[in-house]
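This report refers to the structure that appears directly beneath it.
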Amino acid sequence: MEFRLKKRARTDVKIEVVSLESKYPHNVMMYLYPPTDDIHIEEFEELALERLRLLRVLDRAGTKGLRLLSEEWKEYVNAELTREGLRSYLRLCSSGGASGQGSKHESEIQTRRRDYLSHFILRLAYCRSEDLTRWFVAREMELFRYKFAALSSAEVKQFLEENDFKFQPLTESEKDEVKDGLYESTAGQSVSKIELLDFYKVPFTQVLDLVRGRRCYLKEGFAYVNTHDLVSIVGTKQQDIIEMGLLASKGLIDEVEGDERISRMLKALHNSYTGKDYTICRDAAVAIESLNQLSKTSMPLCMRMCHEHIRAQHHIKHGGRMQYGLFLKGIGVTLEDSIRFWREEFTKKMDADKFTRSYEYNIHHNYGKKGSMVNYTPYSCSKIIKEMAAPGDCHGCPYKSVDPATLKTKLASYGLSTSHIEEVMFFVSRGHYQIACGKYFMLTHNSNVEPTINHPNTYFEESQILMGNRQKRTAGSMPQKIKPRPDIKGHADRSMFNGDDDDELWKIAESQERAYQSQKDISEAFNDDLDLTEITF
């Protein structure tokens, strides 16, 4: 009896693994049928944010002007996916993605599952407006083309069979009959490579983009398409499926929004910040005596203007205190130094007792030492751009909130030439505020590489790395000892955080912060009643 029970338990586990392989048999799937898996609400949110990070990598590659599937594009995307902790998705974009080539490791099957589920989760978030739908479809098709381009000829055949495409590759004799036309129409390939390629005979109306680009051989109403260019046909069907799926998802919105937890998350998803949260600074301690110099060399425009406002007015409104105060926490200003900084400035206009009563508690609160004990996250670019600054405020994104004439004057006072100012204003005038910030970074740092700016603390970190005051840390690397530098006073040594044990503690602390903050940020974004259609990419 006991033996039979144990044997049955092992059989059940094996059946589950086979079931997953049968449900997700291929790296490239057409997303035809909604999944029926039961998942926890936490995994639902995790999958949504994970895929959003994936699609944003593809979006950034496009904004940099990289041609889709070019070597430069692949190099950038692969590096960014690695940096974002999404290396598992790279396996979906590599050869060997068919289940018929042997049993797959469970982690690879699980990646296919996450890919499939997360696609359908994002349909619920991106079916809500035309602008959101357009962005989502474009990014999903880029991902589909990347995965399909990695398939071998054998994998393409299997893919076509599994998805009921009635195409068969030409036989050798059929290929010989039209080989001259194939040689002339297949650009960028040698004769020997063309002979190894499979070609498919399809109605020319199904590949009008290839016909228009003269990238296929035409004969008697049929086009002869090689394996790599089949994505033109397959991709069209995939796009139709996604677009029809989005329409179907739109009809389910009322039902989905019956669950308030899911509703809030989906509404706020597109505005969610998915990068490093900067809640814990592990790189260095920054002394407040160095802030004047750092504001000129390493702070983005939004933070530099806040700092100058404080120094000039010895006061700043609540929105500015939150924006700049959390930024200072994120770059490494300690709680004690932060209190000293704000007290020294504010007491030039008020007595110390009033400062203690009215302002000191909020500083402790932001550092997670009072009240709800939440260690608050510095504001991302998307949150700052959405801030609506009133007259007298200095927070928000100056590229958006400051009128063009005043902004030009401000940039000129910071040393930019007329031609450089026009370069920045070109992107400002088109609503590309983060790209304008990246251009400002390049010009003020004499850099040839434009960074991707999606967080003020990223700007500061990249600046300090470029200036040699901090070291770039790759995934899994241990933090290095930071020596004090003469140009940053009080740049304290954080060697107490070095070592294997401490590195693990930091990773645990950061992962816990991210898990807590992701839900909190989504809730905050929802409560701000954001308009999702006004996002600038």
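Keep in mind that glycine also has a Cβ here, set from the backbone N, Cα and C atoms.
Taken from TrEMBL, the feature domain 'DNA primase large subunit C-terminal' covers 293-460. Residues or ranges marked as [4Fe-4S] cluster binding site by TrEMBL: Cys302, Cys381, Cys397, Cys437. According to TrEMBL, the region 'Disordered' annotation covers 471-496. According to TrEMBL, the compositional bias 'Basic and acidic residues' annotation covers 484-494.
Mapped onto this structure are the features recorded in TrEMBL.
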residue : record                        : CB count, 10 Å
Cys302  : [4Fe-4S] cluster binding site : 28
Cys381  : [4Fe-4S] cluster binding site : 22
Cys397  : [4Fe-4S] cluster binding site : 24
Cys437  : [4Fe-4S] cluster binding site : 25
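Mean pLDDT for the domain 'DNA primase large subunit C-terminal' (293-460) in this predicted model: 91.
Each residue in Pro300, Leu301, Ile384, Ile385, Pro398, Tyr399, Lys400, Tyr433, Gln434, Ile453, Pro456 lies on the same chain as Cys302, Cys381, Cys397, Cys437 and has a C-beta within 8 Å of the C-beta centroid of that [4Fe-4S] cluster site, without being one of the site residues.
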